[in-house]
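What follows is a short report on a single structure.
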Amino acid sequence: MGARASVLSGGELDRWEKIRLRPGGKKQYRLKHIVWASRKLERFAVNPGLLETSKGCRQILGQLQPSLQTGSEELRSLYNTVATLYCVHQRIEVRDTKEALDKIEEEQNKSKKKAQQAAADTGNSSQVSQNYPIVQNLQGQMVHQAISPRTLNAWVKVIEEKAFSPEVIPMFAALSEGATPQDLNTMLNTVGGHQAAMQMLKETINEEAAEWDRLHPVHAGPIAPGQMREPRGSDIAGTTSTLQEQIGWMTNNPPTPVGEIYKRWIILGLNKIVRMYSPISILDIRQGPKEPFRDYVDRFYKTLRAEQASQEVKNWMTETLLVQNANPDCKTILKALGPAATLEEMMTACQGVGGPGHKARVLAEAMSQVTNSATIMMQRGNFRRQGKTVKCFNCGKEGHIARNCKAPRKKGCWKCGREGHQMKDCTERQANFLREDLAFPQGKAREFSSEQTRANSPTRGELQVWGRDNNSLSEAGAERQGTVSFSFPQITLWQRPIVTIKIGGQLKEALLDTGADDTVLEEINLPGRWKPKMIGGIGGFIKVRQYDEV
């Protein structure tokens, strides 16, 4: 790292660290950005030592600039870093990366005007290529330098490692900058495997060459002295043209950039191959429930590079699908950030989502909300007790169960009243609420008949319930409603008799249910208002009419 970071002196380093990454942003350039740029240049087979001088930075910018339109975000970041470093070497005061790019563009326009003026003064064309691999020798002739083995080796390694993944296209564009059709064919011939893909590439080149011949027909008549023939599609592909003809077309006035045309055809074919090797659509890229957001973004942009769409469409895909296809946890965070959030802000906000720390934090927040809501309910008096009051089967009192009852144990079954077995072993389906040994002045208790037992069924007609808990009848009311002929005693749970009562001027048999504080009557019509009610016990539920203040 020390060798890479030594490209700047002390004063230059101070100016470098004052420049912001984006206008109005807080982050500034650091040494790590220079180290990162050096490593990326090594990947592109470019000497990272060129970063030490402004001239070297200018050469790197000239090599990277033609690939910006089809390059990846990584390539653009590298170009921005080198442009900012060039301004630092030239002592050009800039505050952020955008100003550095504006300064570079301004200098390029000035140099282009100077070159045009010089070409007009000397009578030479301003479009003459001075870039590698076509260079001008000492005699002023344009000569070709063969593509270096280092460049070919870098290209072969990319094909072997990436196997026509989306990043192969910008890599090819960077390595083939300024190359002639012969150089491009040399690069294609070095690919040993993937012959099916290479055959697809040849078919695409033949189609584009035929389209070129259709759009550029040969002019009739002889060629003027000193003029070159017009290139055909096969000439551009390098199959029917010599190296000297290719150099002549590229350096002619006006020039015919056969190398750039052929490279555009090759990139078109590579796009088809990448689409075949990467059949996944951008619509299918979704974040897994436990997948880190960073890995999801890597997969998203890798697939986006293989999409054949304009930059406007890709920008729309990024703004819409990146948030829409995230998992629920990340989607909640991204929607809270808003549509103007940058990718850096998204990755920072979603860092750690899905891990144990995030889950513990979400669980703690949920428990806190539940606790607060329960506290508010209890403070407002909305808290209702969920458990029912227990009742003892032995003595009939509430507040304890038979196991803890201090009263003498009742003999027999607590369900049917017979001796010889306990309640847990009782086979009686319907509870027998009546005891045969009870004697009352109004009549003897008896068991339900089969007809009365069916009255407990939900399908049976409605019964009448006389509520006794909220009636304190006056004598006048008693005369109007009818007087009960019996004063009900306090009867325990085991003593539920059927007695004869007089209500509404009618004599009826009624079941006294002291536990529920209700009197149940059957087949009687009473005047006044009533409301529907469901009552039930061990035998089931029945529908009744409830009359109050009877």
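Cβ from N, Cα, C; glycine included.
Record features (Swiss-Prot):
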{"type": "COMPBIAS", "residues": "450-459", "note": "compositional bias 'Polar residues'"}
{"type": "LIPID", "residues": "G2", "note": "N-myristoyl glycine"}
{"type": "REGION", "residues": "7-31", "note": "region 'Interaction with Gp41'"}
{"type": "REGION", "residues": "106-128", "note": "region 'Disordered'"}
{"type": "REGION", "residues": "189-227", "note": "region 'Interaction with human PPIA/CYPA and NUP153'"}
{"type": "REGION", "residues": "277-363", "note": "region 'Dimerization/Multimerization of capsid protein p24'"}
{"type": "REGION", "residues": "444-464", "note": "region 'Disordered'"}
{"type": "MOTIF", "residues": "16-22", "note": "motif 'Nuclear export signal'"}
{"type": "MOTIF", "residues": "26-32", "note": "motif 'Nuclear localization signal'"}
{"type": "ZN_FING", "residues": "390-407", "note": "zinc finger"}
{"type": "ZN_FING", "residues": "411-428", "note": "zinc finger"}
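According to DSSP, the motif 'Nuclear localization signal' (26-32) comprises 2 helix, 1 strand, 4 coil.
Broken down with DSSP, the motif 'Nuclear export signal' (16-22) shows 3 helix, 1 strand, 3 coil. Taken as a whole, the zinc finger (390-407) shows an average pLDDT of 85 in this prediction.
Long-range neighbours of the region 'Interaction with human PPIA/CYPA and NUP153' (189-227) within the same chain, counting only residues 6 or more positions beyond its ends whose Cβ lies under 8 Å from a Cβ of the stretch, are 152, 155-156, 159-160, 163-164, 233-234, 236-237, 261-262, 265-266, 268-270, 272-273, 276-277.
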